[in-house]
């Protein structure tokens, strides 16, 4: 890990020096550095400070040419030095695959690590509203950043704009269609989905692909997210409008284009994008306690429990602490707050899986099966004792209310550190594992299905210790993932640029298609999995996540892009790309205002992805930059 830290530090130092100094050459001659940045870089290189004479040390720091920097820079192959033949192309493709896989893995690590923090009740609000959006945009932002730090920034920046455009348009089209495909249910004549139908009857006939009679219904938050997306996209207009006026929009006027004239318009766009970023995060914090945010936390809990990363007690102990009053039997507590309702919702899924005959209750034989699947091997006497404790109405069965009360008592005992006898603790040790239970919504019972067991190191931990372990694991995943993204984004940009040069395909198209596969695959998979639950809540989470990612690209990533254009006085020659990005977002805003999305509308959305690439090609052929 210290080695990775040095690598990341080298990349960050290089970025700081180049942006602050408005450019430098790979030979080590730093030009245009302000006194502050000159002093900073010289100090980092072991120079004598602002008044010293070792000015060349600054350039050495910029590109890793100190003794330490030379060793670090040699870790990555310069793609331009590869043979200019078939073997060289094979090596280049191999490098691209390796770097892409590392970025894909590190993006997933960041996503998984940040989602783990949703399991910490004290942090869930700020994590869901601030941390998740920012870290989700880090991979795209890193590619944009490093595409503008090289000596040929004007040319390589096309890789960054390709990644930005590809990420935004891909997230708004392909996973949008996949979400509708996975989450579709039967629609009546009024477009209302059959969400209240039994799990296996929501889509009738099963597997129906009717273009107009199957689809999804979503909540009102989708329309709000669509409006925010349009507002944040105005930063593109702030820079693109003046670009046309300054003769930077047409290829025929390239000689007349003046980057100095665009520079301050880029700064204005930067300010707007930054304010949009802050405003979006403020809105996220303000709505962090709404139903949709809580639904997302619930979905994360179910996923974590199913993966044996946390137990039921570990997930709910802190939230239920305020309801753990000794003068209550439990039933009243469960209905006092919305948090109690969310515990009930989680337990309902668990209960339904083992209520095999569907009569709304569990008898002793079903309870034996339930406990056996949870890793318990109760004797008949133990089951009889449990039935006596939980069967408060003495009808010979345990209904859901009685089961919920029993689970609440279990969590209270775990939280209070009650070490009762094994006969009492083992009978309801839900913390032993609830692995595949929460994924069983809508699934038929399968006697042959395999279920994971919770690792021994987690099985014996208290809820507090589980929370501590979750925080440590989250910090590790987010930290390592971020380091890897910062480390490999720069060589990935070089490889994409060189691949475009050798294939005579503009780097924009290369990065448009390939970069999102590495940096945004996790969002695509998550959206599909959410939607596959076939509920109105989960499809709303799925689509709002995609629109939120577009908002972050319009604010966070575009702010980085415009900062580079402003700091290095580059030309804004991306008219075709801008028109394509803004055009797709306007169309998607129209779809966001719809409450019902049919499978046909999903297919229309899917076609926007290839059409956007064709649009860029056509606009460029028409003479625009």
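Cβ from N, Cα, C; glycine included.
Curation plays no part in TrEMBL annotations; they are all automatic predictions.
TrEMBL lists 1-15 with the feature signal peptide.
The transmembrane segment annotation in TrEMBL covers 88-104 (among others).
Taken from TrEMBL, the feature transmembrane segment covers 116-138 (among others).
Same-chain residues lying 6 or more positions outside the transmembrane segment (158-182) and placing a CB less than 8 Å from one of its CB atoms are 140, 143-148, 215-216, 493, 496-497, 500, 506-513, 515-516, 519-520, 523-524, 527-528, 530-532, 534, 539, 542-543, 546-547, 549-550, 553-554, 557-558, 561, 564, 574, 577, 580-581, 584-585, 588, 591, 597-599, 601-603, 605-606, 608-609, 612, 616. The annotation transmembrane segment is assigned in TrEMBL to 158-182 (among others).
What TrEMBL lists as transmembrane segment is 222-244 (among others).
What TrEMBL lists as transmembrane segment is 264-283 (among others).
Sequence annotations record features per position, and here TrEMBL assigns domain 'EF-hand' to 342-377 (among others).
Among the features that TrEMBL reports, domain 'EF-hand' is placed at 378-413 (among others). If you take every residue in the domain 'EF-hand' (378-413) and average the pLDDT, you get 70.
Summarising the annotation, TrEMBL assigns region 'Disordered' to 439-465.
As annotated by TrEMBL, compositional bias 'Acidic residues' applies to 442-455.
Taken from TrEMBL, the feature transmembrane segment applies to 475-496 (among others).
Residues or ranges marked as transmembrane segment in TrEMBL: 508-531 (among others).
Positions annotated as transmembrane segment by TrEMBL: 543-566 (among others).
Per TrEMBL, the feature transmembrane segment maps to 572-592 (among others).
Per TrEMBL, the feature transmembrane segment maps to 599-619 (among others).
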Message: Is it the case that the transmembrane segment (599-619) and the transmembrane segment (264-283) touch, counting contact as three or more CB pairs under 8 Å in which the residues of each pair are 6 or more positions apart?
response: no
Field: Contact yes or no, the transmembrane segment (88-104) and the transmembrane segment (264-283), 3+ Cβ pairs under 8 Å, gap 6+
entry: no
Task: Six or more residues out from either end of the transmembrane segment (508-531), which same-chain residues have a Cβ under 8 Å from its Cβ atoms?
output: 96, 99-101, 103-104, 107-108, 111-112, 136, 139-140, 143, 158-163, 165-167, 169-171, 174-176, 178-180, 182-183, 216, 299, 492, 496, 499-500, 538-539, 541-543, 545-546, 549, 577, 613, 616
- prompt: Would the transmembrane segment (116-138) count as touching the transmembrane segment (572-592), if touching means at least three Cβ pairs under 8 Å and pairs must be 6 or more apart in sequence?
  reply: no
Task: Could you check if the transmembrane segment (572-592) is in contact with the transmembrane segment (222-244), meaning 3+ Cβ pairs under 8 Å among residue pairs at least 6 apart in sequence?
output: yes
- request: Residue list, the transmembrane segment (475-496) vs rest of chain: Cβ under 8 Å, 6 or more residues beyond ends.
  value: 1, 4-5, 7-8, 11-12, 76-80, 92, 95-96, 99-100, 102-103, 105-110, 112-114, 116, 135, 138-139, 142-143, 145-147, 149-150, 156, 159-160, 162, 507, 510-511, 514-515, 518
Query: When you scan the chain for residues with a C-beta under 8 Å from the transmembrane segment (222-244), skipping those not six or more beyond its ends, what do you find?
result: 250, 261-262, 265-266, 268-269, 272-273, 276, 280, 283, 540, 543-544, 547-548, 550-551, 554-555, 558-559, 562, 565, 572-575, 578-579, 581-582, 585-586, 588-589, 591-593
- line: Under 8 Å Cβ-Cβ from the transmembrane segment (264-283), and at least six residues away from its ends along the same chain, one finds 129-130, 133-134, 228, 231-232, 234-236, 238-239, 242-243, 551-552, 554-556, 558-559, 562-563, 565-566, 572
